[in-house]
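Single-structure report; data block below.
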Amino acid sequence: MANSTSFLGCSRFYATFEENLKLMGQLVYLIPSFILISKMIYVIQVKHRGDYHEQRRFWLLYTMDLALSLLNLFFDIFYYRLTLFVPQICESFSFFLRANPLLIDITYPLWFYFHVGKMVAQMSISFERMTFNLLKPNDYRRIWKHGLTACVIMIIFVPFSIIWNILISDKYIQFYFGGFQPNYSRRVNWFGTTAWQLTYMQISMAVTLLSNIVTGAILWKSQNQSRKSRLLCRIWFAISTEYLLSACAFCYLHMKTFAFDYSNLIFMLVIFVWDGFNILSPVIMISMNKSLRKQVFAMSGGSEDLEISVA
């Protein structure tokens, strides 16, 4: 089928077993990622909080990014993927949601909120890394004395500039594959959430790219940075590279939707791109950071030869 959407009801064209296999294939990586991110947040902010105090601005912003990923994965594992790939519950649960629309009224805007919040978090962390390397320590501390609060406020409130039209608009159920997903009917026609989300993504890409170019140039010329400082910057450069590649894929796929060249394949690719946004950053961080990896997996020597504390 070229287009899997329907407004009439649950589709009978999709085999239950095959749809359930699609779900299981995704849960294989979604659930371990959910557990990994949960443990990373616990280690950074609770169990070994003191180890991350020296670079607390970076780690606070990164924890917010992890928390947004965690919430995205929670929604995907326990709600969105189930409604999409479990045809057995399609009729009963879609009927329940239509009879109790408050759940969609809350969860659908939150889905966009979490994704936009990650874009703002990415920009904030990239800017923090640039200023850390560009400015003198006293200037850096003076700027981030209030800059951290400003970034936290932006991460919390900027997403509302995207989701406001969803909040005031009527939501409905649109049937995909053997299940369904929520959608909305614009109350303000000129404000397309997807188009503005694409704009925010491009702004996030520009800030991330510029910040990392400046950071890379400084590290290339400077020999004064400590080994630990350079390590954290290399890790964030790798995370930013992954982010930019995923963002390019996101922009390309959404441009295809604007051209009405939409298909089941594009729909699934968009899902996998969002999975990449949520999962690859913590995987890169845990892979490149030996000390954090030891602490998360409760290995011996987690506090020895610490590589995450930066002067």
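Placement of Cβ uses the backbone N, Cα and C atoms for every residue, glycine included.
Taken verbatim from Swiss-Prot:
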TRANSMEM  24-44  transmembrane segment
TRANSMEM  58-78  transmembrane segment
TRANSMEM  101-121  transmembrane segment
TRANSMEM  148-168  transmembrane segment
TRANSMEM  200-220  transmembrane segment
TRANSMEM  235-255  transmembrane segment
TRANSMEM  266-286  transmembrane segment
Tell me, please, if the transmembrane segment (24-44) and the transmembrane segment (101-121) are in contact, taking contact as 3+ Cβ pairs under 8 Å between residues separated by 6 or more positions? no
Intrachain residues whose Cβ lies under 8 Å of the transmembrane segment (200-220), provided they are six or more past its termini: 116, 119-120, 122-123, 126-127, 129-130, 133-134, 162, 230, 233, 236-237, 240-241, 243-244, 247-248, 250-251
